[in-house]
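Colleague: Below, the features straight out of TrEMBL:
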REPEAT    24-62  repeat 'HEAT'
REPEAT    129-167  repeat 'HEAT'
REPEAT    168-205  repeat 'HEAT'
REPEAT    211-249  repeat 'HEAT'
REPEAT    250-288  repeat 'HEAT'
REPEAT    289-327  repeat 'HEAT'
REPEAT    367-405  repeat 'HEAT'
REPEAT    406-444  repeat 'HEAT'
REPEAT    445-474  repeat 'HEAT'
Amino acid sequence: MAGAAGPGSGPGAAGGDGDDSLYPIAVLIDELRNEDVQLRLNSIKKLSTIALALGVERTRTELLPFLTDTIYDEDEVLLALAEQLGNFTGLVGGPDFAHCLLDSVRLLAVEACVSIAQLLSQEDLEALVMPTLRQAAEDKSWRVRYMVADKFSELQKAVGPKIALSDLIPAFQSLLRDCEAEVRAAAAHKVRELCENLPAEGRETVIMNQILPYIKELVSDTNQHVKSALASVIMGLSTVLGKENTIEHLLPLFLAQLKDECPEVRLNIISNLDCVNEVIGIRQLSQSLLPAIVELAEDAKWRVRLAIIEYMPLLAGQLGVEFFDEKLNSLCMAWLVDHVYAIREAATNNLMKLVQKFGTEWAQNTIVPKVLVMANDPNYLHRMTTLFCINALSEACGKEITTKQMLPIVLKMAGDQVANVRFNVAKSLQKIGPILDTNALQGEVKPVLQKLGQDEDMDVKYFAQEAISVLALA
């Protein structure tokens, strides 16, 4: 709630002495005291107008103390105030008076520190900015600590390497262990940038001794947003720390995150595998992380298997076609005969995405032959999966592969003993029909659909007649 300074006090008081030019300022000042949060927000957005009207002297001596003394407010208002005062240096008289801004409301100090620190000497930084920053990093309001974490990279650059090492690293450590998850998550997001911005000399030692122990704790944090924030940046540390440290210290953390119960954590690790691959090489990667991915792909819980299938196209893109064929192709084919329908369905869609990624030639040589073999499987569910795969792959593979390799198999399956397979043949022919040329449609597809249209099973007959109508073969 806004503080209630007495009437006639503050920079708007001159409006009561008959100075009409200051009347709008008095109105804005009253709005700053208003019970309505929206009115206070609107007034804060006009602070620069008030400051310009008052001049630099009165802004320093009246407006800033007024703000400090009267506004103990909702976080939303404090954030708006911080944003305004971050651009106030010129309105208080320039860099020589910039320190005045640091005396304002606690939250705005963090925002202001970024702008002001860039203008001051190292000596003035230590004397004027750092006490405010140290206080803000330990502030009783989590929102203030959050802002320190959120602005950390900018603060690090603004204060320079010497003060960053002596003051900001300890502050960062406390933020990584903050009692509020939002603060820990904001700090975790900055881990990679902090490490990259450290001076090259001694960087490895600082990270290994002063940052990594805290990162290890966050890997098993109780809050999924914190773990996800860390997972989105942690892989980038491999390029900073190099091959040996990555293998010895980071890979165990990656493995733990790859097995995390939170899907977003797993996705963030899988989607950043390429930067680890650059550092440690595909062989080391396959020996360490791939077994964990395979383990998840064969997990007893079908939802875990499903999650890995959904990541597979992304993973394929990260690792390349050669590695994929060697290590993961058989896994993708095994999912097609999983006992859970949702897995078979996802595996079918996965194949389509892989063809889009690796191309039709790869599909023709690697995927299509394996799919078509399933047409002879004794389990009718697996035979139906062949049809579902053909439906999904036909568009991605194009006219030639569909006509020469897939169509003959679909037509042959029209004689299947199981009605469910036969009516899915009709549905498949309807699906792939638009890709085929007129000769194939009239000479091969039409006779088969006509025969199915006379089938003893009502469903087969219905879908066959529907396909004839849709494909205009009547």
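Yeah, the Cβs are placed from backbone N, Cα and C, and that goes for glycine too.
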Colleague: At a C-beta cut-off of under 8 Å, are there same-chain residues at least 6 beyond the repeat 'HEAT' (250-288) that contact it? List them, or none.
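Modeller: Result: 215-216, 219-220, 224, 227-228, 230-232, 234-239, 241-243, 296, 307, 311, 314-315, 318-320, 323, 327.
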Colleague: Which residues of the same chain, at least 6 past either end of the repeat 'HEAT' (289-327), have a Cβ under 8 Å from a Cβ in it?
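Modeller: Distal contacts: 251, 254-255, 258-259, 263, 266-267, 270-271, 273-274, 276-277, 282, 335, 338, 340, 342-343, 346-347, 350, 353-354, 356-358, 362, 366.
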Colleague: Same chain only, please: residues at least 6 beyond the ends of the repeat 'HEAT' (211-249) with a C-beta under 8 Å from a C-beta of the stretch. Say none if there are none.
Modeller: 169, 172-173, 176-177, 181-182, 184-186, 188-196, 203-204, 256-257, 260, 262, 264-266, 268-269, 272-273, 275-276, 278-280, 284, 288
Colleague: In terms of Cβ proximity under 8 Å, which residues at least six beyond the ends of the repeat 'HEAT' (168-205) contact it?
Modeller: 133-134, 137-138, 142, 145-146, 148-150, 152-153, 155-157, 159, 161, 211, 214-215, 217-218, 221-223, 225-226, 228-230, 232-234, 236-237, 240-242, 245
